Amino acid sequence: MSDPILRLEGIHTDIAQYHILHGVDLEVPRGAVTMLLGRNGVGKTTTLRTVIGHWQARAGRILFDGAEITGAKTPDRARMGIGYVPEDMGIFSDLTVEENMTLAAATGPLDPARRDRIFEAFPPLRTFWRSPAGTLSGGQKQMLTIARAMAEERRLYLIDEPTKGLAPAIVSTMAGALRDLKRQGASILLVEQNFAVAKALGDYAAVMDDGRIVWAGEMQELATDAGLQERLMGLSMEAQ
Amino acid sequence: MTDAPAHRPTMGDLPLADRIARAMPVLLVPILLVLGFLAIGNPSSWLTLTVSGLAMGMMIFVMASGLTLVFGLMDVINFGHGAFISVGAFVGVSVVLGLAEWTQAPSLLLNLGVVLLAVLAAMAVTGLLGWAFERVIVKPVYGAHLKQILVTVGGLIVIEQLIHVIWGPDEIFFARPEMLKGAITFWGAALEKYRLLAVAVGLVLFVAMRMIFRRTKIGLIVRAGVENGEMVEALGYRLRLVFIGVFIAGSALAGLGGVMWGLYQEVITAGMGEEMMILVFIVVIIGGLGSVEGAFIGALLVGLLQNYIAFLEPKVALISNIGLMTAILMWRPQGMMPVVKAK
């Protein structure tokens, strides 16, 4: 793969006394959506948290757009253009939707044109603009987390299970927003358990097992090969 | 995959009972005022005690606001906060004593000028001291509560002893500036001028803090950081720098509270901050750790209750605040306005 936006080389990460990542090698291509797949507990979330810097890698290198960021602090990584949407959403429930968005625009005021685009993708955010984020429904909170990542131009989005636990109609809204991001040429590393979403959005896929990447390739190849899915993840995605 | 249906959400109004339950902490202050009025019976006595209680509450709030933010932002329990109160009082009173001509002059302008200088000097010194305290004592023990308690208590003792070394071991008695002595009469009630000033200063400070928290980006960062610091960093903000700023500001506010309390009591001791910390902790705990609004309401409740009870049942006054804390924690174990932590 030529000139990936993100490259992980032999990443080992420990959480307390537990050795979670056992040498992750991963390349995330520019301007494409890479799905990070695998069973629960194989290290997908830890990989994203290591990239944003919430966990520091014990060994290995992280290269973002060619620059080494292995030892960089989280705020510096964010300011370099990495947007992070955590699995627990990480919204500030005491702050209003507007305040959440104001904060998300870290380098200056929120661009009105960008805000309007976000309203178009997620109409409920306009309705509840002045409401405390804690009063939103689960789906609306998830919309806010994606909207927050979109508040500024990011060079890479790390998104952790954005459709988890959401009603089908909201999943469709989320998928639409991610598709828009993709259309705009964003580079996305996406952890997703919903196969329909993964198949619809993913250009590439990487499958993890036991803290390592065990397969990487085009999403199309994985999506059409039930045997490969069974072998890598112990399930057939079509059967989901 | 199907498209989402047209989505027109509305936010329903909460039932009346829920709205009252949500507003209850704010309603407690007027409820206490009314109960105090009914129990005391005499309007002029009630007014005097109310102003006294509000003044005491405001001063405790000034001291407590920094502590609650420091805990909320970085989970740091700083028992050394009391030292900043004492140092602030000693520095401020030194200015008041040093400018004796201004202090004794029957000029409101000069008297307020000396108080302002005392406050500025106290806040500058305690702000700097807070910065050093954070670097030397607090920074090495992030995330370890037991160690924080031990080393910050140690820091408190060291600073108290330094006060003895610099200002001597005895308590210092002094007189308030001339125009801040005495009382004015309003509706038959004697209202001490200094207490009115303390109420005004506390109110201005609370409103200013609210404005900063609600209207400025740094305020948003602090509020968001109290809730989920990790996410604030993932958005690109250096929370560590924000925390140092909050620690310095909180220490300076403790210094301001120390000057105000010293001028109120007209006597200062090295241990005064440590003594005040009991009330400060009560206020921070019943308000909800990390909540400035909660600390404000908690401080008013503590101040008012202590003054009302001291008038009605002097023997019960000593335990009234412990009783208040017990009652509030039984009602809301996380305090009146708890900050929902994401961690």
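Glycine too: its Cβ is placed from the backbone N, Cα and C atoms.
Under the heading transmembrane segment, TrEMBL lists B:20-40, B:46-71, B:83-102, B:108-133, B:145-167, B:194-213, B:241-264, B:276-304, B:316-333.
Remote same-chain residues near the transmembrane segment (B:108-133) are listed as 80, 83-84, 87-89, 91-96, 99, 102, 155, 159, 177-180, 244, 247-256, 258-260, 263 (criterion: CB distance under 8 Å, separation of at least six residues from the stretch ends). Remote same-chain partners of the transmembrane segment (B:46-71), defined as residues 6 or more beyond its termini with a Cβ less than 8 Å from a stretch Cβ, comprise 33, 36-37, 40, 77-78, 81, 85, 186-187, 189-192, 194-196, 198-199, 201-203, 205-206, 209, 222, 226, 243, 246-247, 249-254, 256-258, 260-261, 264, 276, 279-281, 283-284, 287, 289-292, 294-296, 298-308, 311. Between the transmembrane segment (B:276-304) and the stretches B:20-40, B:83-102, B:145-167, B:316-333, it is B:316-333 that has the most C-beta pairs under 8 angstroms. Of the recorded ranges B:145-167, B:241-264, B:316-333, the transmembrane segment (B:83-102) has the largest number of C-beta contacts under 8 angstroms with B:241-264.
For the transmembrane segment (B:145-167), the list of distant contacts is 75-83, 86-87, 90, 94, 129, 133, 137-138, 270-271, 273-274: same-chain residues at least six beyond its ends, Cβ to Cβ under 8 Å. Long-range neighbours of the transmembrane segment (B:316-333) within the same chain, counting only residues 6 or more positions beyond its ends whose Cβ lies under 8 Å from a Cβ of the stretch, are 279, 282, 285-286, 288, 298, 301-302, 305-306, 309-310.
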